[in-house]
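One structure is given below, encoded as structure tokens.
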Amino acid sequence: MPNADSRFGRLGWLVLSLLVLVIDQVSKAHFEGSLEMFQQIVVIPDYFSWTLAYNTGAAFSFLADGGGWQRWLFAVIAVVVSAVLVVWLKRLGRDDTWLAIALALVLGGALGNLYDRIALGHVIDFILVHWQNRHYFPAFNFADSAITVGAIMLALDMFKSKKTGETVND
């Protein structure tokens, strides 16, 4: 009889995805309930603020003015990517911890933004990084941060694998 690890692969890492999803949704609810649209609360003067913004597009508001169809396009993409990530996680070996964490972070972030997109028609953003109140990076959220960290980890794993034939955690 196969053990749980061989049957389910690294699906235990879905707990990390769930944690990302919960932190993302709780933080979005907090800022949506405590800020007015585009209001800024300065955390670190000239560098970092909390805000409230809705994004109907993708990263950097890509296709935000699409008229509504983009909501469903990005939702379908998120569902497909999430399914691929779950299958990938399931197939990982016992020693693929670095890769499992990366995939779980991306999955949790994708699900957090997918929920917003389907339930609300937009993604809630609340983190604002800027330089001297003049040069602003687009607002983002916890899910976006998890996706970014996971993607960087995936890239590092690929570069390490390509260079040495081993994964980062080998």
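Glycine residues also receive a Cβ, built from the backbone N, Cα and C atoms like all the rest.
The feature transmembrane segment is assigned by Swiss-Prot to 11-31 (among others), with sequence analysis given as support.
The annotation transmembrane segment is assigned in Swiss-Prot to 41-61 (among others).
If you look up Swiss-Prot, you'll see 69-89 (among others) marked as transmembrane segment, on the strength of sequence analysis.
Nonlocal intrachain contacts for the transmembrane segment (95-115), taken as residues 6+ away from its ends with a CB within less than 8 angstroms of a stretch CB, comprise 10, 13-14, 16-21, 24-25, 28, 75, 78-79, 81-82, 85-86, 88-89, 123, 141-147, 149-151, 153-154, 157, 167-170. Look at Swiss-Prot and you will find 95-115 (among others) tagged as transmembrane segment.
Here Swiss-Prot flags ASP125 (among others) as active site. For ASP125 (active site), the same-chain residues that are 6 or more apart in sequence and have a Cβ closer than 8 Å to its Cβ are THR51, LEU52, ALA53, TYR54, ASN55, PRO138, ALA139, PHE140, ASN141, ASP144.
Beyond the transmembrane segment (136-156), the same-chain residues lying 6 or more positions past its ends with a Cβ under 8 Å from any Cβ of the stretch are 20-21, 23-24, 27-28, 51, 53, 55, 59-61, 98-99, 101-113, 123-130, 168. If you look up Swiss-Prot, you'll see 136-156 (among others) marked as transmembrane segment.
Residues or ranges marked as active site in Swiss-Prot (evidence: sequence analysis): ASP144 (among others). ASP144 (active site) falls within a helical segment according to DSSP.
The secondary structure of ASP125 (active site), as reduced to three states from DSSP, is extended strand. Note on ASP144 (active site): other Cβ atoms within 10 Å of its Cβ, all shown chains, come to 20.
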